[in-house]
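Engineer: Sharing a structure, written as structure tokens. Questions coming.
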Amino acid sequence: MTSRGVHLLLRLLFLLAVFYSSDSSLMCYHCLLPSPNCSTVTNCTPNHDACLTAVSGPRVYRQCWRYEDCNFEFISNRLEENSLKYNCCRKDLCNGPEDDGTALTGRTVLLVAPLLAAARNLCL
């Protein structure tokens, strides 16, 4: 690897570190009406540090949530549902329909694309 290539790679890594900070807001699916078909994505506020999926019969709720409030009593009271199953998770878009872990998030693309471009430039 040439000196020029090393400098380019270091600059790219620095830019990635600047743009990819761990304190950036979490992204979750959010549905105004309880529905299994939800494609609306929202950036959570700083005090909402988890994504919630709650299912009560045919109704499916997806939204930003506080992880410390992720318990049956709080969720059922807030959603006014007596019977439900719920899951709270802390990764971007982890509350999507049938999450199989293969979705690429914007942050993943931000990390991978510049590295692939740098590797391509170094090989040419």
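Don't overthink the numbers, they just go from 1 along the chain as shown.
Each residue, glycine too, has its Cβ placed from N, Cα and C.
Copied straight from Swiss-Prot:
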DISULFID  C28-C51  disulfide bond
DISULFID  C31-C38  disulfide bond
DISULFID  C44-C64  disulfide bond
DISULFID  C70-C88  disulfide bond
DISULFID  C89-C94  disulfide bond
DOMAIN    25-101  domain 'UPAR/Ly6'
LIPID     G101  GPI-anchor amidated glycine
SIGNAL    1-24  signal peptide
Engineer: Using all protein chains shown, find which of the disulfide-bonded residues C28, C70, C94 scores highest when you count other CB atoms within 10 A of its CB.
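Structural biologist: Within the set of disulfide-bonded residues, the most crowded position is C28.
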Engineer: Going by C-alpha positions, which of the disulfide-bonded residues (C28, C51, C64) is nearest C88 (disulfide bond)?
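Structural biologist: Checking each of C28, C51, C64 against C88 (disulfide bond), the shortest Cα distance is to C51.
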Engineer: Rounded to a whole angstrom, what is the C-alpha distance between C44 (disulfide bond) and C38 (disulfide bond)?
Structural biologist: 16
Engineer: Just counting, how many other CB atoms are there within 10 A of the CB of C31 (disulfide bond)?
Structural biologist: 18
Engineer: Which state, by DSSP, holds C94 (disulfide bond): helix, strand or coil?
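Structural biologist: For C94 (disulfide bond) - judged by DSSP and reduced to three states - the answer is coil.
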Engineer: What is the nearest of the disulfide-bonded residues C28, C51, C64, C70 to C89 (disulfide bond), using the Cα of each?
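Structural biologist: Spatially nearest to C89 (disulfide bond) by Cα position is C51.
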Engineer: Cα-Cα separation of C38 (disulfide bond) and C28 (disulfide bond), in Å?
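Structural biologist: For C38 (disulfide bond) versus C28 (disulfide bond), the Cα atoms are 11 Å apart.
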